[in-house]
Amino acid sequence: MSGNKTGNNNKSQSNDKSQSKIRANRSSDKGARNAGSSTRMQKPKVSARALAVKVLSAVEQDGAYSNLELNRRLKEAELSSADAGLATELVYGTIARRNTIDYYLERFVAKGVAKLQPWVRSLLRISVYQIIYLDRIPEHAVVSEAVNLAKKLGHQGISGMVNGVLRNMIRNREQLHIPSHLPAAERISLEHSHPLWMVERWIRQYGEETTEAICRANNEPPAVSVRVNTTMTTREKMMEEMERSGAVVEASRLSPDGILVRSGGNMALTSWYRDGLFSVQDESSMLVAEAVAPEEGQRVLDCCAAPGGKTAHMAEKMQDRGHIIANDVHAHKRELILEQAERLGLGCIDAVTGDALDLNKRYPEASFDRILLDAPCSGLGVIRRKPDVKWSKSASDIEDISSLQRELLDCVAPLLKPGGILVYSTCTIESAENEDMVADFLSRHPEYQAMETSNWSQPETRSWQAVNGGVQILPQYAHSDGFYIARLTRTVN
Ligand SMILES: C[S@@+](CC[C@H](N)C(=O)[O-])C[C@H]1O[C@@H](n2cnc3c(N)ncnc32)[C@H](O)[C@@H]1O
């Protein structure tokens, strides 16, 4: 019996290991391009592991965003591409697997993980991450690197403790598994490293099996995909050009404008990107403009537009003919929208700053053919890209953001022309922010109706759960981000 359990766990760990390997390859791809011509011979200012420890400590202690902190420190450190890849892997992997790692560490750290100094905790976590999830680094190397770093950052006592904990774990490796007899929520939370409250919430919404699939998918490395700027080229031509240069690409089955890039380096650093031939965007996110289906010459309102990915996609679909008002509450984000528009050569976008809750005071009733409300949300659909979201959000954040979403919908609803289309989208999988939100809106707005999802979706997406004119995309369906997209119309009075 126990042999079986261990067997299962080993299997899931080896799958996890191969997933991490893919993530590492992708990271070092990214590192290679990021490092660019500055791949240096001289000794780097800091090692990959020291950098990862500093980033993780800043995330935990100061609430820093892992991506910003990592990018800033990578720029300063000038690591080789391989080391930049390792540092990236250690930061994201350790954040993604934090629950599981701490569960294992807890048995070996005498005074408890919570009582450790933040940098020591981070050092132990990255070391356990390497031991469990990376098969390319020998265990003895993990221990000696950790001990050396502990000596450098602390003192002899700490390095001795680090040495003892890690060696003890390696000696007792058979203890590193999650008991299968635990209640489902607890087991999923520990095995796939998600907070218990989140797992319990998803089990209530989706059931155990789907919740486990969501959590497993959230630990996969995200795919790289680009959206072709159809005002400049076609998907076929773009794919041919990318293949000629050695990239491995395939056409997205979700979006007619999307290309999946299986290998080819950091797409945002290519001349194609600089010249505006494509944008880097997740496949689920590309479906939003598909649902809006803006037509040439129309007047479109994008209520919460920054940084402008979907605004630009809508402008491309309109062949840059018509008028899109791209609004965002943050003045500094207007620049981001303008940069996108300029890079992509799109002139029909008018970027404005203001609270979307005031849009009904700024524009006359029934003045737009299309409205996109890509609402601020809890972001629980993009955990693969931003694993910190798991640990930084709470159930009360979902309640707070839901009440803003409700107000936003009410405020922009009168601005749509009868017969027009309003798309409400989020990058979360929380029903309170998604189908329940739309059901509540429809119950209070008899002038609105849900539209058939099959009119805008691709054959691939037709089997996905469709409720109230909306499609709930879960991350395991097509290995794309979790999104909700609802398409509503205002009936002609
Ligand atoms: C999900 S993001 C939008 C992403 C964007 N649609 C894209 O595709 O690039 C939500 C945006 O809403 C903005 N936002 C938050 N509250 C807002 C409000 N009250 N009014 C207008 N914009 C708001 C945020 O600044 C953020 O940029």
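Note that Cβ sites are derived from N, Cα and C of the backbone, with glycine treated the same way.
No curator has checked TrEMBL annotations; they are predicted automatically.
Note that the structure is predicted; figures quoted are calculated from it, not measured.
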Of ASP355, ASP358, ASP388, residue recorded by TrEMBL at the S-adenosyl-L-methionine site of CYS304, ALA305, ALA306, PRO307, GLY308, GLY309, LYS310, ASP328, ASP374: ASP355
Long-range Cβ environment of GLY308 (S-adenosyl-L-methionine binding site), under 8 Å and at least 6 residues apart: ALA326, LEU336, ILE337, GLU339, GLN340, ALA341, ILE349, ALA351
Secondary structure at ASP355 (S-adenosyl-L-methionine binding site), reduced by DSSP to three states: coil
Binding residues CYS304, ALA305, ALA306, PRO307, GLY308, GLY309, LYS310, ASP328, ASP355, ASP374 (S-adenosyl-L-methionine) - maximum C-alpha distance in whole Å: 19
Local confidence of the prediction over the domain 'SAM-dependent MTase RsmB/NOP-type' (214-491), expressed as mean pLDDT: 95
DSSP-derived structure type at CYS304 (S-adenosyl-L-methionine binding site), helix or strand or else coil: coil
Secondary-structure category, per DSSP, in which LYS310 (S-adenosyl-L-methionine binding site) falls: helix
